[in-house]
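Q: Straight from TrEMBL, here's the annotation block:
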type	residues	note
BINDING	GLY172, ASP173, ARG174, GLN175, THR176, GLY177, LYS178, THR179	ATP binding site
DOMAIN	29-94	domain 'ATPase F1/V1/A1 complex alpha/beta subunit N-terminal'
DOMAIN	152-390	domain 'ATPase F1/V1/A1 complex alpha/beta subunit nucleotide-binding'
DOMAIN	397-521	domain 'ATP synthase alpha subunit C-terminal'
SITE	SER388	site 'Required for activity'
Amino acid sequence: MSENIKASEVSEVLRMQLEGIDTSLQFDEVGTVLQVSDGVVRIYGLRNAEANELLEFDNGIKAVVMNLEEDNVGAVLLGPTDQIKEGYIVKRTGRIASINVGEGMLGRVINPLGEPLDGKGDIAGERFEMPLERKAPGVIFRQPVNQPLQTGLKAVDAMIPIGRGQRELIIGDRQTGKTSIAIDTIINQRSNFEAGDPVYCIYVAIGQKGSTVATIVNTLKEKGALDYTIVVSATASDPAALQYFAPFAGAAIGEYFRDSGRHALVVYDDLSKQAVAYREVSLILKRPSGREAYPGDIFYLHSRLLERSAKIINQQEVASQMNDLPESMKGKVKGGGSLTALPIIETQAGDVAAYIPTNVISITDGQIFLDTDLFNQGNRPAINVGISVSRVGGNAQIKAMKKVAGTLKIDQAQFRELEAFTKFGGDMDPVTALTINKGQKNTRLLVQPQYTPMPVEQQIAILYCGTHGLLKSVKLDKVHEFEKNFLLDLQNNHQEDVLDVLKKGIINDEVSAIIEKVAESIAKVYSK
Ligand code: ATP
Ligand code: MG
């Protein structure tokens, strides 16, 4: 078809030719491809098609209806563009785009349509059809965030605590450790899995390289995290539509666990790339573009995705009235489940005020901001404490942690300011010197290598040492050795009277006394 003939004119010609023949039934359910380019098809016919409906071509390739226009339907292809030609026949399926979810998906790598990508054969077991797009639970179906989701990272659990049902953004430039925070959080859920109270994890890789995804899958496998994790992948070479739908597939899988009364964590890595994919299909569909050429509804796209994370009310009767409940879940709903989201956004040169970053910052309940300079100085995870925040997680933090680390965030921010001044040299008064000393030791304590999540009771014990200045005499380069031996001592000699008590969220004078005694004796070793 020549470039300068509009789709509408062609459909008009077709209609005139077909006039007189009763085609109404046929054209309601079946359509013909008028135009195909860059993952988008224009279809004549399909007069009954609905928005978001799944379409199928004779060769098995699927598409999703995006634009319902007067004389044609615009749909995005979920398969390769070069396998669809003008004149191809396409049928309605009568189904809204959805994914079949089941327990058999655990440990698997799938695409946003639920098809396996790991070569391990079909997904086993019963599956439930969950729509990709679904209305988020209304206010009456929710309860406040009050249960912690431990990341195992000292810096996060102590200062930017995350609760189940929360949406916490991980934001930073490229190569600042964004993915690592999410992966460590998934690995840390191993203990819940072993304790028989799993937090199911869904890692959604959007627009990444296939090799990067493979490395992540390997890491999860090595760390024993695949048992309770599902990886959804739409790589950079997949059609833009698949990349755009991938987070929705992740949310749909998470909702299956959430609505059946269990806990789930979904990581969207990353939504910047999803936004670019959505911009691409929108521009090809000729939807009007706005700021930075993104379509005007990009904010709505991200907000309706992230609103689906929630902690569901504990009352089953209420929970089972939830809005837009898929047919397959009717009668299976249990209250008390949760879906926590960790969306990731990549910034350019630390610019958090760009369009997509500001959007997602305003939708989420807080952000973990990663800083290139801190990363290069070796402070990893490279969290910029000053502008990182968790707006709801505080209520979910366990009491002992709250008590011990309550002032850590402010202390660290103050230390950073003071440190900048003292760089000019000169003598310090003793109080300032002490603050600096403590700040430096705490900064060291918050450094944590990858793949070494720490149980919360150990975090509390070691951070107690930091916030109470028990490392005052310990040499800066010996902080990690101190930490290692201190925790070893507690594990060997004080499992019951310290660690088990802290685990329950309790910290009392007896526990503090033991911690101080152990810390004192170990500090002596590392003071020289
Ligand atoms: P990208 O922008 O490419 O997605 P990213 O921000 O997701 O990058 P990561 O891939 O998580 O960053 O990490 C970047 C590099 O930093 C990796 O090589 C990783 O091994 C290293 N790294 C991340 N966290 C830590 C840490 N806590 N300690 C040491 N190295 C780390
Ligand atoms: Mg990454």
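Note that Cβ sites are derived from N, Cα and C of the backbone, with glycine treated the same way.
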Q: Fewest other CB within 10 angstroms, which one of the recorded positions GLN175, THR176, THR179, SER388?
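A: Output over recorded positions GLN175, THR176, THR179, SER388: least Cβ neighbours within 10 Å is GLN175.
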Q: Helix, strand, coil: count each for the residues of the domain 'ATPase F1/V1/A1 complex alpha/beta subunit N-terminal' (29-94), based on DSSP.
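A: Output for the domain 'ATPase F1/V1/A1 complex alpha/beta subunit N-terminal' (29-94) reads 4 helix, 37 strand, 25 coil.
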Q: Just name the most isolated of the binding-site residues ARG174, LYS178, going by other Cβ atoms within 10 Å of its Cβ.
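A: Result for the binding-site residues ARG174, LYS178: minimum number of other Cβ atoms within 10 Å at ARG174.
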Q: With respect to ligand 1, which members of the recorded positions ARG174, GLN175, LYS178, THR179, SER388 satisfy a Cβ distance under 6 angstroms to one of its atoms?
A: ARG174, GLN175, LYS178, THR179
Q: Do me a favour and check the Cα-Cα span between ARG174 (ATP binding site) and SER388 (site 'Required for activity'); whole Å is fine.
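A: Pair distance, Cα basis, whole Å: 17 Å.
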Q: Cβ atoms within 10 Å, counted per site: which of GLY172, GLY177 has the most, among these binding-site residues?
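A: Output for this query is GLY172.
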Q: When you average the Cβ positions of GLY172, ASP173, ARG174, GLN175, THR176, GLY177, LYS178, THR179 for the ATP site, which other residues in that chain have a Cβ within 8 Å of that mean position?
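A: Output for this site, in sequence order: GLU346, LEU370, THR372, PHE375, ALA382.
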Q: List every residue in the same chain as ASP173 (ATP binding site), at least 6 positions away in sequence, whose Cβ is under 8 Å from its Cβ.
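A: Listed in sequence order, they are GLU346, THR347, GLN348, ALA349, GLY350, LEU370, THR372.
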Q: Taking only the Cα atoms, work out how far GLY177 (ATP binding site) lies from SER388 (site 'Required for activity'), in Å, as a whole number.
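A: Cα to Cα, GLY177 (ATP binding site) and SER388 (site 'Required for activity') are separated by 15 Å.
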Q: What are the DSSP helix, strand and coil residue counts for the domain 'ATP synthase alpha subunit C-terminal' (397-521)?
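A: Counts, helix then strand then coil: 91 helix, 0 strand, 34 coil.
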Q: Where GLN175 (ATP binding site) and SER388 (site 'Required for activity') are concerned, what is their Cα separation in Å, rounded?
A: 18
Q: Going through the recorded positions ARG174, GLN175, GLY177, LYS178, THR179, SER388 in sequence order, which have a CB under 6 Å from an atom of ligand 2?
A: LYS178, THR179
